[in-house]
Amino acid sequence: MNQFMLLGFIAFGGAFGACARYLISELCVVLLGKGFPYGTLTVNIVGSLIMGVLMSSLNQGIIEAAPCRPIIGLGFLGALTTFSTFSMDNVILMQQGEVIKAGLNILLNVTLSITACFIGFQLMKS
């Protein structure tokens with residue numbers, strides 16, 4: 001696969017990931033309100049679960065690396081999940097004096113995202 005085609009695959013996946021992130025974030029606001037960054041937490045957990053499934057599937061040869069890895073791993077998941085928004089959410093919470101909420105958000109994002117990735121990986125091993 002040439003580099004131009006690879007970039008096209010990544011952009012294709014990224015377009016869907018960005019749209020999914022927006023829709024999930026908006027849905028979280030409607031369902032859960034604006035008092036906590038539920039949207040960022042949700043996309044990071046879901047993205048980590050998908051990454052675990054993807055990597056386990058690639059390792060086992062269930063799916064072929066090209067073009068799945070660049071489309072899903074780099075494009076879709078790169079646009080869906082975000083560390084910069086996670087960081088900004090916590091800075092805003094701390095600036096608002098919501099130190100406990102910021103700590104809870106950090107704990108939940110890190111713990112649940114890693115757990116979801118592990119679960120996704122294990123699901124594909126069985």
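Cβ from N, Cα, C; glycine included.
What Swiss-Prot says about this protein:
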BINDING   Gly78, Thr81  Na(+) binding site
TRANSMEM  4-24  transmembrane segment
TRANSMEM  35-55  transmembrane segment
TRANSMEM  71-91  transmembrane segment
TRANSMEM  104-124  transmembrane segment
Relative to the Cβ of Gly78 (Na(+) binding site), which residues of the same chain, six or more apart in sequence, are found under 8 Å away?
Ile10, Gly13, Gly14, Gly17
Only counting partners 6 or more residues apart, tell me which same-chain residues put their Cβ under 8 Å from the Cβ of Thr81 (Na(+) binding site).
Arg21, Val43, Asn44, Gly47, Ser48
Taking the transmembrane segment (35-55) as the reference, which of 4-24, 71-91, 104-124 gives the largest number of Cβ pairs under 8 angstroms?
104-124
Would you kindly list the residues that approach the transmembrane segment (71-91) from elsewhere in its chain, counting only those six or more residues past its ends and only Cβ-Cβ distances under 8 Å?
9-18, 20-21, 37, 40, 43-44, 46-48, 50-51, 54-55, 102, 105-106, 109
